[in-house]
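To keep things clear, I will list the structure first and then write my remarks on it.
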Amino acid sequence: MSSQSLHDCLRGRCLGVLRRMEIIGRFRYYFQHPWSRLLVSYLVTFFNFLIFAEDPVSHSQKEAHMSVVGNCFSFIISKYPAGFWSVLKVLLWVLAIICGLIAGKFIFHRRLFGRVLRLKMFREDHGSWMTMFFSTILSLFIFSHIYNLLLLMSVRMRPYMVTEYMGIRNESFMKMAAVGTWMGDFVTAWMVTDMMLQDTHYPDWGRTARHLWRQGHNRIVLFWTVLICLTSVVVLVISTDWIRWDNLNRGFLPSDEVSRAFLASFILVFDLLIVMQDWEFPHFMGDLDMNLPGLSTTQLKIRLPVCKRIFKEEYHIHITGKWFNYGIIFLVLILDLNMWKNQIFYKPYEYGQYVGPGEKIYTVEDPDTLQDFNRSMLTWEWRSTNIDPRTNQTFNQSNAI
């Protein structure tokens, strides 16, 4: 009797394990199905355009600021003093880049990820360039503070201190970010499309499309044609304000801080889902090494000749398709995180804006006047009752909705 009970117990456990495996298998089948992956990748592109159009920060005339990345931008691009200090600044950020690359390659990638954590996705040299990129950002951030400490030696150098403020307006920065996210999202979506049409994990899906896609150079011609045409249109529309979303929308789907915060959160989740839906996630150990977008090769190899008397070898830059495309996703993720932060902690007065009747957000379009306004002056009550002496009209009449 006890033997029969033990047999039934083991049988029940085996059936339970098989049932769980069946559920997991079904979930993965639909979660990683080509239609699911295509839907997520193209929805990210659409949502990024939507949040750029709805985000009031994209109309702000105040100086753009961004944690960490803003310091790096200010350190390399803007706020250059004259004479010796300018040379010192260049030397420091060049040294920061070199230190960041070395630390990323040998400390973070090889020692931390490879030997200590033993992460399979970072085996050999896989993912080293992405690791080196993020370690370089960290290095630039640290060296920018070292540069600030040196500037404290002179009182006249205080205006040149490196901060998170980037020296450009939010309107200009958001346009550049929109173009950057478009490029990253499109290349990623096209990478997913390319992978779906090249692989055979789902042999019954899209047979006709796969047949046409694999003929000759169809995929390469289509990639560059669509990329150049759509990017030209996107850059034209974003940079010239030829199409204004507020004029098209006309309050049909008005948004507020909560809805924009949820939209930004969905974008972040979808960015991660694109990587998680990969058939080789999380180790990326499969034999399939997909072609780079717009190219007929799975990897880029660049030979760097060095002094053979010292190193006795040549160095090779090797970028595989997987890390090239998913590396782009993580770059876009930086901009999406900044967008998410703006929506979560949005305060109109910090961006030269205020709330008017009907919960509409008004933007002060003259950036020079923002220096003279404090928080109490950036309200509808004050701006609708005070006269601008330059125009002899109330301040709110010169502001954009």
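The backbone N, Cα and C atoms fix where each Cβ goes, and this holds for glycine too.
The N-linked glycosylation site annotation in Swiss-Prot covers Asn170 (among others) and is backed by sequence analysis. Other Cβ atoms within 10 Å of the Cβ of Asn170 (N-linked glycosylation site), summed over all protein chains shown, number 26. According to DSSP, Asn170 (N-linked glycosylation site) sits within a helical segment.
Residue environment of Asn374 (N-linked glycosylation site) contains 8 other Cβ atoms, counted within 10 Å of its Cβ in all protein chains. The N-linked glycosylation site feature in Swiss-Prot is assigned to Asn374 (among others); the stated evidence is sequence analysis.
The feature N-linked glycosylation site is assigned by Swiss-Prot to Asn392 (among others). DSSP gives Asn392 (N-linked glycosylation site) a coil state; it is part of no helix or strand. The Cβ of Asn392 (N-linked glycosylation site) has 7 neighbouring Cβ atoms from other residues within 10 Å, across all protein chains displayed.
Per Swiss-Prot, N-linked glycosylation site is recorded for Asn396 (among others).
For 1-37 (among others), the entry in Swiss-Prot reads topological domain 'Cytoplasmic', with the evidence type similarity to another entry.
Residues annotated as topological domain 'Extracellular' in Swiss-Prot: 59-81 (among others). Taking DSSP states H, G and I as helix and E and B as strand, the topological domain 'Extracellular' (59-81) has 9 helix, 3 strand, 11 coil.
Taken from Swiss-Prot, the feature topological domain 'Cytoplasmic' covers 103-131 (among others), and the record attributes it to similarity to another entry.
Residues 52, 55, 57-68, 70-71, 73-75, 77-81, 85, 144-145, 147, 238-239, 351, 367 of the same chain lie 6+ residues outside the topological domain 'Extracellular' (153-176) yet bring a C-beta within less than 8 angstroms of a C-beta in it. The topological domain 'Extracellular' annotation in Swiss-Prot covers 153-176 (among others).
Mean pLDDT of the predicted structure over the topological domain 'Cytoplasmic' (198-219): 83. For 198-219 (among others), the entry in Swiss-Prot reads topological domain 'Cytoplasmic', with the evidence type similarity to another entry.
Swiss-Prot lists 241-260 (among others) with the feature topological domain 'Extracellular'.
According to Swiss-Prot, the feature topological domain 'Cytoplasmic' maps to 282-316 (among others).
The topological domain 'Extracellular' annotation in Swiss-Prot covers 338-401 (among others), and the record cites similarity to another entry as its basis.
If you look up Swiss-Prot, you'll see 38-58 (among others) marked as transmembrane segment. Within the same chain, residues 170-171, 174-175, 177-178, 181-182, 185-186, 188-189, 192-193, 196, 238, 245, 249, 255, 260, 263-264, 266-267, 270-271, 273-274, 277, 336, 339, 342-343, 346, 348, 351, 353, 361, 363 sit at least 6 positions outside the transmembrane segment (38-58) and bring their C-beta atoms closer than 8 Å to a C-beta of that stretch.
Non-local neighbours of the transmembrane segment (82-102) in the same chain are 75-76, 132, 135-140, 142-144, 146-147, 150-151, 157, 160; each lies 6+ residues outside the stretch with a CB under 8 Å from one of its CB atoms. Look at Swiss-Prot and you will find 82-102 (among others) tagged as transmembrane segment, backed by sequence analysis.
What Swiss-Prot records for 132-152 (among others) is transmembrane segment. A Cβ distance under 8 Å defines the sequence-distant neighbours of the transmembrane segment (132-152), meaning residues of its chain 6+ beyond its ends; these are 68-69, 71-72, 74-76, 85, 88-89, 92-93, 95-97, 99-101, 103-105, 107-109, 158, 160-162, 327, 330-331.
Per Swiss-Prot, transmembrane segment is recorded for 177-197 (among others). Outside the transmembrane segment (177-197) by six or more residues, the chain places 34, 37-38, 41-42, 44-45, 48-49, 52, 58, 205-206, 209-210, 213-214, 219, 223, 226-227, 230-231, 234-235, 238-239, 274, 290-291, 293, 321, 325, 328-329, 331-332, 335-336, 338-339 with a CB less than 8 A from a CB of the stretch.
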Filtered by Cβ under 8 Å and at least 6 apart in sequence, the residues in the chain of Asn396 (N-linked glycosylation site) near it are Gly356, Tyr362, Trp380, Arg383, Ser384
Would you mind reading off the Cα separation of Asn170 (N-linked glycosylation site) from Asn392 (N-linked glycosylation site), to the nearest angstrom?
28
Tally of residues which DSSP labels helix, strand or coil - the topological domain 'Extracellular' (338-401):
29 helix, 11 strand, 24 coil
Quick note, Asn392 (N-linked glycosylation site) and Asn374 (N-linked glycosylation site): C-alpha atoms separated, nearest Å, by 21
Please list, for the topological domain 'Extracellular' (153-176), how many residues fall into helix, strand and coil according to DSSP.
13 helix, 5 strand, 6 coil
